[in-house]
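To keep things clear, I will list the structure first and then write my remarks on it.
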Amino acid sequence: MASILNQTQELQEASKVLGHVRCENFFIFPGENTLSDGLRGVLYFLGLAYCFIGLSAITARFFKSMENVVKHSRKVVAIDPITKAEIITYKKVWNFTIADISLLAFGTSFPQISLATIDAIRNIGERYAGGLGPGTLVGSAAFDLFPIHAVCVVVPKAGELKKISDLGVWLVELVWSFWAYIWLYIILEVWSPNVITLVEALLTVLQYGLLLVHAYAQDKRWPYLSLPMSRGDRPEEWVPEEIDTSKDDNDNDVHDVYSDAAQEAVESGSRNIVDIFSIHSANNDTGITYHTVADTPPDSATKKGKAKNSSVFDIWKHQFVDAITLETSESKKVDSIYLRIANSFWQLLLAPWKLLFAFVPPCNIAHGWIAFIFSLLFISGVAFVVTRFTDLISCVTGINPYVIAFTALASGTSWPDLVASKIAAERQLTADSAIANITCSNSVNIYVGIGVPWLINTVYNYFAYREPLYIENAKGLSFSLLIFFATSVGCIVVLVLRRLIIGAELGGPRLWAWLTSAYFMMLWVVFVVLSSLKVSGVI
């Protein structure tokens, strides 16, 4: 994918109509460029909104597959020193802090990473960097920090409190996320302005590894590398038994694991279902923690996620059946004919996405890894379409490409972050994963999202030309970062105050939750307006 600025310049032709540069290219159908710019703008905005619906659907599938990956345990057999009997326990394969950074944050940031890396490989040998550009990354960071916090804070039910259980890990992740953008400013404005050297690219990528090590050290409370902070209260059970709400009179029906959003909400609303990404385990004297997981033995694990007498292929087949079914079991219970018609229309709107995403294998294959990888590929594909729509919106409307970069494009590439954090805020008992995904995604976008493409290009340019990589789309970076950090302070201060006064970062009294949400959205609007005025030359 070329830079948004380069793509917009390619899309704009020299012919002018009434003083406006006419966009001659098309994306949806041939002959599209013969339509008026106003009509095309409406079509592109509708297409962008439809892509957001698709991103929401596939991100939910991604989150479900990640649940299966993270909850995987391995059997540990020990001998009782007194009775000499075998004691079988199960130890979690994944550390939940590492899972938040390397699976959740990396996965939701995969659109930026994959598209930028493919662009770097496709344009290898170019002396100027392409990709999303620094402006989009700062805009994406602002979208992650403000609108996603605004959504997550109102997700818990009225009066329900969800707080960060490990403040030490959160502080480590927060510092690394802010440092990522300070580092971006240093290498683009101070160290070697508008130039990326091989050393700078290598150091950028290595810092992702340092983030993982430092966060893990804090989680394990390693001396000299961790903050002396205690953990908060955690649930007694890691994965409580789920209540099967899908049972009806016909026990032989295949369980609908590809259920609609309404059914998903009903099931996730039950407090008998808990996700376990960031509920950290306490250390014992030996430094090893064992968990007895009730659903890990082979017999029950095989049954989990599918009904009696059903197979994996039955479930996979049922995904396609559900994709073309307009009336669900839940909608049949609705008495109002108007609500049933509205639900059927919504299912019709979702049908193309559901049919496409039905190709994602069931999440209980290979502990969820295959579904995890398939989901990432689909997320990247939809994100690519988002970038094309945003390019064309800039082209037909004449909106400054930089404004599009840190608004529509940043929102599109960060949409999976929003959906994943919202689901985590709904289904987990703490706020750890929901907020960790915000801060860690911002880190991943810099250390990996542009670090890897820069490393690919700088290595080639160093050996081929003995030249560095040049950056030409860093306009307004200093000002945008200044506004970002200023508004970020306002966001973090409110989160801390909520912790001290209300007792949690998310939830609480409904009025205060909505006021906090409105405040976070106001900070985002301030960032967007001031950055837009700066790149437009108004201020």
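Every residue number used here counts from 1 along the chain in the order it is shown.
Cβ coordinates come from backbone N, Cα and C, glycine included.
What you are looking at is a predicted structure, and each value in this text was computed from that prediction instead of being measured.
What Swiss-Prot says about this one:
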- 38-58: transmembrane segment (TRANSMEM)
- 98-118: transmembrane segment (TRANSMEM)
- 135-155: transmembrane segment (TRANSMEM)
- 167-187: transmembrane segment (TRANSMEM)
- 195-215: transmembrane segment (TRANSMEM)
- 341-361: transmembrane segment (TRANSMEM)
- 365-385: transmembrane segment (TRANSMEM)
- 392-412: transmembrane segment (TRANSMEM)
- 444-464: transmembrane segment (TRANSMEM)
- 477-497: transmembrane segment (TRANSMEM)
- 511-531: transmembrane segment (TRANSMEM)
Folded-back contacts onto the transmembrane segment (167-187), same chain, C-beta under 8 angstroms, at least six residues removed: 97, 101, 134, 137-138, 141, 196, 200, 204, 207, 210-211, 214-215, 218-219, 221, 226-227, 229, 231-232, 278, 280, 432, 435-436, 439-440, 442-443, 445-447, 477-478, 481, 484-485, 488, 492
Whether the transmembrane segment (511-531) meets the transmembrane segment (365-385): three or more C-beta pairs under 8 angstroms: no
Contact set, same chain, for the transmembrane segment (365-385): CB under 8 Å, 6 or more residues outside the stretch: 1, 47, 51, 54-55, 58-59, 61-62, 64-69, 72, 103, 107, 110-112, 114-115, 312, 356-357, 359, 412-413, 416
Candidates 38-58, 135-155, 195-215, 392-412, 444-464; stretch with most C-beta pairs under 8 Å toward the transmembrane segment (341-361): 38-58
Maximum Cβ pairs under 8 Å to the transmembrane segment (444-464) - stretch from the list 38-58, 135-155, 195-215: 195-215
